[in-house]
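Q: In case it's useful when we look at the structure, here is the feature table from Swiss-Prot:
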BINDING   Cys363, Cys423, Cys426  [4Fe-4S] cluster binding site
REGION    432-463  region 'Disordered'
Amino acid sequence: MTSPVDASSSKEKLTLAEKVWRDHVVSKGENGEPDLLYIDLQLLHEVTSPQAFDGLRMAGRKLRRPDLHLATEDHNVPTEGIKTGSLLEINDQISRLQVSTLRDNCKEFGVRLHPMGDVRQGIVHTVGPQLGATQPGMTIVCGDSHTSTHGAFGAMAFGIGTSEVEHVMATQTLPLKPFKTMAIEVTGELQPGVSSKDLILAIIAKIGTGGGQGYVLEYRGEAIRKLSMDARMTICNMSIEAGARAGMIAPDETTFEYVKGREMAPTGADWDEAVAYWKTLPTDEGAEFDKVVEIDGSSLTPFVTWGTNPGQGLPLSESVPDPEDFTNDNDKAAAEKALQYMDLTPGTPLREIKIDTVFLGSCTNARIEDLEIAAEILKGRKIADDIRMMVVPSSTWVKQEAEKLGLDKIFIEAGAEWRTAGCSMCLGMNPDQLKPGERSASTSNRNFEGRQGPGGRTHLVSPAVAAATAVRGKLSSPADL
């Protein structure tokens, strides 16, 4: 954690993002040049790190701060047949090479790694928080788009490219220009049966997939304050789907309670000092954002996507839209293209869309709370005969906690597959893929063409909608059961 700047000496009103930025500036850029920002934590995985390590090696450089790097194996790992974590359990040669290379690099450069078979292994954006490595007020980067997940703790977290990964390895800094700030004010309270996934899908549908471009989004309001940390991570995770650089939620007692006692969290007097600093981070009253967007949380209902980007979504109670109803020519063309790929007819009730595969997994929605929500709906029920349901915990720790609660038995008895931890069907980079033409209801974060496998069609949903859909065989909410 970077030592805080004494804000009491300044009357300037700052947002959460501006405070974290201020406390990490090593040198201020002049004449339009970027600031040099200190990075508190870099997360690594097997896909975007090899070239960065090679860059260090070719330049004869050391890894400046191995202690501020944390690695895990997640993107390419299989989610079945894993017993020991041996490389021989990975059948795909390219995936095996990437995992092997990560292990070799971490050993050579002294980076802490949690490999397959380790109880602390899992998707990188679950591993950081569960270890207590993710803390309020930090700057966190990773060669992965959904690094914004960690913003749920009041950290400024964002994805970077491989050349930037190497830069952080070599210097523990990044040259960056300050981001703009946007407040997402969620008024009212979420109704029973409405989740943080429904909320973030509704936000993206409102502002668009480019609406947050260049901004850090700060999610605010009583509805946000009442969310658990698992739910907050879901919201911040998908900030990138609105085009934002990062998403943040101010730390509070819910945050502190989550972090306290975890392996890498401060202890004793250091904990007290850290909490005192964290309490200074929330946006000052009277601070100005570059943009403010309001959304009525009390009016939301279960939300799903119908198209091929996360902004193409509607309440589950509605029907597939008609491209002719779009007033913007670009939106109209995008809708026409999406409906052709998704093989959907305008006017079809969303609840009548038949599903082949239900995927409960990813860094968006596969933490313990997500699994509990789905298991409660599936308890005593069976999934539809022609449905395949895959349940993939986001970490080995989450898997073990779920098994202690008996959730695995509920899923298996319902007819679902209970897998080991990994990114799995979120992306077509491992054995878990849709076949061409197959349609999924997925708790992941992206519904792009081919994202879950060539020709696969993806509808983004919440864990509750995923579970209800598995039972009914069509897009459904628990109220439909």
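Along the chain as shown, residues are numbered 1 onward.
Glycine is no exception: its Cβ is also placed from the backbone N, Cα and C atoms.
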Q: Ten-angstrom check, please: count other Cβ atoms within 10 Å of the Cβ of Cys426 ([4Fe-4S] cluster binding site), all chains counted.
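A: The answer is 30 other Cβ atoms.
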Q: Counting only residues 6+ away in sequence within the same chain, which have a CB under 8 Å from the CB of Cys363 ([4Fe-4S] cluster binding site)?
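A: In sequence order, Ile123, Val124, His125, Thr126, His146, Thr149, Asn237, Ser394, Cys423, Cys426, Asn445 meet the Cβ cut-off.
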Q: Suppose the [4Fe-4S] cluster site is Cys363, Cys423, Cys426. Which further residues of the same chain have a Cβ inside 8 angstroms of that site's Cβ centroid?
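A: Other same-chain residues near the [4Fe-4S] cluster site: Asp74, His75, Ile123, His146, Gly361, Ser362, Thr364, Ala366, Ser394, Gly422, Ser424, Leu427, Ser444, Asn445.
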Q: Work out the three-state DSSP category of Cys426 ([4Fe-4S] cluster binding site).
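A: Reduced to three states, the DSSP call for Cys426 ([4Fe-4S] cluster binding site) is helix.
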Q: On the DSSP side of things, how many residues of the region 'Disordered' (432-463) fall into helix, strand and coil, could you say?
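A: Its residues fall into 1 helix, 8 strand, 23 coil.
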